[in-house]
Amino acid sequence: MSSSDSDSVSLSIRRRQRRGSSKRISMKESDEESDSSENHPLSESLNKKSKSESDEDDIPIRKRRASSKKNMSNSSSKKRAKVMGNGGLKNGKKTAVVKEEEDFNEIAKPSPKHKRVSKANGSKNGAKSAVKKEESDTDDSVPLRAVSTVSLTPYKSELPSGASTTQNRSPNDEEDEDEDYKWWTSENIDDTQKWTTLEHNGVIFAPPYEPLPKNVKLIYDGNPVNLPPEAEEVAGFYAAMLETDHAKNPVFQDNFFRDFLKVCDECNFNHNIKEFSKCDFTQMFHHFEQKREEKKSMPKEQKKAIKQKKDEEEEKYKWCILDGRKEKVGNFRIEPPGLFRGRGSHPKTGSLKRRVYPEQITINIGEGVPVPEPLPGHQWAEVKHDNTVTWLATWHENINNNVKYVFLAAGSSLKGQSDLKKYEKSRKLKDYIDDIRKGYRKDLKSELTVERQRGTAMYLIDVFALRAGNEKGEDEADTVGCCSLRYEHVTLKPPRTVVFDFLGKDSIRYYNEVEVDPQVFKNLKIFKRPPKKEGDLIFDRLSTNSLNKYLTSLMDGLSAKVFRTYNASYTMAEELKKMPKNLTLADKILFYNRANRTVAILCNHQRSVTKNHDVQMERFAERIKALQYQRMRLRKMMLNLEPKLAKSKPELLAKEEGITDSWIVKHHETLYELEKEKIKKKFDRENEKLAAEDPKSVLPESELEVRLKAADELKKALDAELKSKKVDPGRSSMEQLEKRLNKLNERINVMRTQMIDKDENKTTALGTSKINYIDPRLTYSFSKREDVPIEKLFSKTIRDKFNWAADTPPDWKW
């Protein structure tokens, strides 16, 4: 129950007239999703029933003939013309975003380890099936047609007719260039040179290690151990995580202990630490817990001062000067050392992430400008002046030897250009998609196994938005995509049902039971034939690289990821077209989230149910009850004012579900406590201000006791209401009460909609598809077209990232 509810009750009892305009209903911004049926954009068009096929369809592909191979090779090697989609931004009048007053703040198996294949284009045992030609089931598929070529600068074509460019700015405009630089209105978006001049201040390194107090030690076999600082730091990483699930994972423990001993040896530390089970990290753990509690209980002023000092130290690293403009830098902090967690069942979880030094880092900066200073006594690995890349610094991390970069922030011009090009590329696919689908459907019946596998993989990537997948090493997480599907990941159920069950990206389980095209089902059955067994690749003639190389021959820049972006944006566009008319704001947001959730399901963007989800649902239910209680009181006020309404409006006598006398007693106690809390907080705020001006003017405690009597009066009045079953309307007129009742009905509907949205979204994550796959112009145009504040659909982070899409007009078409 919020304090606003307490206000509502106390004001009516004290007979204070409610005045002013009605508050607008507010929905809490949510990046969560809601329920929707599965809707793959192609499932209807591609999974049509075909003619029944005889048993001879299961005959293996016969040995290919030379002439057939030649003909098909010629057909598949035809060049496709390049085209750029009619992208860009159209001008449209900006619709004002009405800020709304908050009426109510929202309370807010893995599959078993599989055998791996050492090579992507061969089965585990090395056996290769002969390439065979299948019985004739030809299809008059038309080869991919060439599409006319247009200019490579699509953004200019959709510029507003009166849009200004950097060439015709006034002096006043130039003063605001850093803040309002709209790169998307520029005529020149160069794919090669990314910048002309670049200045920055480098990166921030992790602070040096501070040794533990002398009385805090690692205990080994009952005895304290005096570790050298380097080893003590690593032991502390584990001790700080002692009560987490990670620290209880045997793989995590083994990897940590191995690297801990390695650091001990590197320090030439003479020790007898041999067994992890004899290590006791309790002292260290309690020390870190104490430090956490001290930080939590730190006075607000002290926290503010520490934050201010940190911000001042970091300020110069947050910005760079790009082509004379001040632009924000993204991840300018070098990740501190620690223990690698990894996602899912990662085999390297618990391994030591070592401290990064300047000698590992390459700096990229403009020529003729000061090079950032490294740490004292150190030097950069290399200083480059490469204006064809967008990173400011790079290095290799030690866990997986991955390359790490420092880029500009998500809302920067370079990042924005990259995003716009990505979404334009997916729009461009619209001009090719029909021919590409005809092509891969023809390949589904190809005489060549490699083409048949490629066509089947393209079908799965297109229809079910599967990732392409890459071959994994033994020391990498066992995650799978389309090209790396293994025998055990695909189960076939005649006549044409396929069950996919594997760990996808980030070790998130992908489970989907779907009906597929009969030819696809038949192909998968062929690809699983003996001698293939568990651990063997389904697509043993196909790799991600070869697939993407082939896709590039169909359309410049086309890859499996472009298909995901295309299908995500296409699905969202189609779902938004189903928008019913005359919806409330809350229902519009729910509709949008359900459309978004359809995309998230398509892309397998899942999440686990939060631990406090049930608690949140209970809070929602209680808040709805509190609003129903207010509605019941308003109805009683109306009946008290005009008793005859009991006959003409019998709905005023209707009981509110769940509002019993026992619940009301408990609720009255809650209102009483909230009123006291509100009075105390107001008293404390006043005293803080008075103390700052003149310590002698601070209000005495006796004043607080006087003020708290108002809460006691409220309690007495509420108890009297409960006994009499009547509520005094005070000075309120019938018209005012009716307005308040209508407002309250709307608030209850909003709260119920929020509750539905929250519950439907508990296992699906909206954020990933919003940030990476759905064209943001779809959301901006929807926002303007349906008068939904963009703040209800996009968080500030996403709005900053896609600032280039903010001018999208309401009639923009994907």
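Glycine residues also receive a Cβ, built from the backbone N, Cα and C atoms like all the rest.
Per Swiss-Prot, the features are:
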- 1-180: region 'Disordered' (REGION)
- 1-12: compositional bias 'Low complexity' (COMPBIAS)
- 13-22: compositional bias 'Basic residues' (COMPBIAS)
- S52: phosphoserine (MOD_RES)
- S54: phosphoserine (MOD_RES)
- S136: phosphoserine (MOD_RES)
- T138: phosphothreonine (MOD_RES)
- R343: site 'Interaction with DNA' (SITE)
- W391: site 'Interaction with DNA' (SITE)
- 411-814: domain 'Topo IB-type catalytic' (DOMAIN)
- K422: site 'Interaction with DNA' (SITE)
- 467-472: region 'Interaction with DNA' (REGION)
- T479: site 'Interaction with DNA' (SITE)
- K505: site 'Interaction with DNA' (SITE)
- N548: site 'Interaction with DNA' (SITE)
- H605: site 'Interaction with DNA' (SITE)
- Y773: active site, O-(3'-phospho-DNA)-tyrosine intermediate (ACT_SITE)
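Here the features listed in Swiss-Prot are placed on the structure.
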| residue | record | DSSP class |
| --- | --- | --- |
| R343 | site 'Interaction with DNA' | coil |
| W391 | site 'Interaction with DNA' | coil |
| K422 | site 'Interaction with DNA' | helix |
| T479 | site 'Interaction with DNA' | coil |
| K505 | site 'Interaction with DNA' | helix |
| N548 | site 'Interaction with DNA' | helix |
| H605 | site 'Interaction with DNA' | coil |
| Y773 | active site, O-(3'-phospho-DNA)-tyrosine intermediate | coil |
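Over all protein chains present, the Cβ of T479 (site 'Interaction with DNA') has 22 other Cβ atoms lying within 10 Å.
A straight line from the CA of K422 (site 'Interaction with DNA') to the CA of Y773 (active site, O-(3'-phospho-DNA)-tyrosine intermediate) spans 9 Å. Rounded to a whole number, the distance between the Cα atoms of K505 (site 'Interaction with DNA') and H605 (site 'Interaction with DNA') is 10 Å. Residue with the densest Cβ environment among the recorded sites K422, K505, H605: H605, by other Cβ atoms within 10 Å. Shown are the recorded positions W391, Y773; of these, the residue with the fewest other Cβ atoms within 10 Å is W391. Y773 (active site, O-(3'-phospho-DNA)-tyrosine intermediate) and W391 (site 'Interaction with DNA') are 23 Å apart (CA-CA, integer value). Among the recorded positions listed (R343, K505, N548, Y773), K505 has its Cα nearest to the Cα of T479 (site 'Interaction with DNA'). The average pLDDT for the region 'Interaction with DNA' (467-472) in the predicted structure is 74.
Separating the Cα atoms of R343 (site 'Interaction with DNA') and Y773 (active site, O-(3'-phospho-DNA)-tyrosine intermediate) is a whole-number distance of 21 Å. Sequence-distant contacts of N548 (site 'Interaction with DNA'), defined as residues of its own chain at least six apart whose C-beta falls under 8 angstroms from its C-beta, comprise A468, S559, A560. For K505 (site 'Interaction with DNA') paired with Y773 (active site, O-(3'-phospho-DNA)-tyrosine intermediate), the C-alpha to C-alpha distance reads 15 Å.
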